[in-house]
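These notes concern the structure reproduced below.
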Amino acid sequence: MSSRAGIAEGYEQIEVDVVAVWKEGYVYENRGSTSVEQKIKITKGMRNLNSETKTLTASHSIGSTISTGDLFEIATVDVSYSYSHEESQVSMTETEVYESKEIEHTITIPPTSKFTRWQLNADVGGADIEYMYLIDEVTPIGGTLSIPQVIKSRAKILVGREIYLGETEIRIKHADRKEYMTVVSRKSWPAATLGHSKLYKFVLYEDMYGFRIKTLNTMYSGYEYAYSSDQGGIYFDQGSDNPKQRWAINKSLPLRHGDVVTFMNKYFTRSGLCYYDGPATDVYCLDKREDKWILEVVKP
């Protein structure tokens, strides 16, 4: 996911409301009769960034669009504000957000004066962006401050495209092995196994009993829904009466491109979709196994 190189397949750019506040970043009262110099060091941008890919994990929701745990990347942050009866706007680019730039400079505070540095901070899904902008104000000690006020704050973020149940075509990728679920013929049934081809597509459905995984690449007409056999192998069945077709996904809706999930069978309740080196195929549903799978939206 990278906004610098254009929007990658499976992702989209959306605009969301975010929280921005003005804070007193630095305050100094010079009660002497001569000017005082002070060195100030600030960090502009995101602090404590640990992601080399710039992909962040939301620690709290962003409106109704992003839920806790969702992955996203910040493209821009824009804040409009008022100060001293004037309205202004400040923008921070992707580079400025992620570079976490340290700035040090010296200020001079006149005698019997108070220096206040206002800093504009923004919170985007738990990512704390400091010193988007700053305003320096010098007033007499005890004088009235002109406190800046945020009018509107929004961010453009990159997120995985939403997976619409019953509609969006996806690939299902094993998170550790980096191979895709494919469909082969075994015992005159379509069966799931891992492979490197990206041509195999699936659609997720949900009803009151759980999720179903439908293949769009069956070689036996009508045999489309993944279920666990009693021995654990994954085959594709017809109709909707088989309770072994139902799965639980460990993530709340909406699902998005790039989500990492597990599939637990609703019939064999302690068994999960996993890799197993079987005699002919290697996608199984086994007891106490909860392998992780990556959902990838297929480009329309």
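Quick reminder: no glycine exception, Cβ is built from N, Cα and C everywhere.
These figures come from a predicted structure and were not determined experimentally.
What Swiss-Prot records for the N-(acyl)-sphingosylphosphocholine site is LYS187, SER229, TYR235, and among TYR133, TYR275, TYR276, TYR284 the residue it adds there is TYR284. TYR235 (N-(acyl)-sphingosylphosphocholine binding site) sits 58 Å from TRP22 (site 'Crucial for binding sphingomyelin and inducing hemolysis'), taking the C-alpha atoms as the reference points. Residues within less than 8 Å, Cβ to Cβ, of TRP293 (site 'Crucial for binding sphingomyelin and inducing hemolysis') and separated from it by at least 6 positions along the same chain comprise ILE172, LYS173, HIS174, ALA175, MET181, VAL260, VAL261, THR262, PHE263, LEU273. The Cβ of CYS274 has fewer other Cβ atoms within 10 Å than any other of the disulfide-bonded residues CYS274, CYS285. Cα spacing between LYS187 (N-(acyl)-sphingosylphosphocholine binding site) and TRP22 (site 'Crucial for binding sphingomyelin and inducing hemolysis'): 67 Å, rounded to the nearest whole number. When Cβ-Cβ distances below 8 Å are used as the criterion, the region 'N-terminal cap domain' (12-35) is approached by residues 3, 42, 62-63, 65-66, 75, 77, 79, 81, 108-125, 131-132, 134, 141, 147-150, 153-161 of the same chain, each at least six residues removed from its ends.
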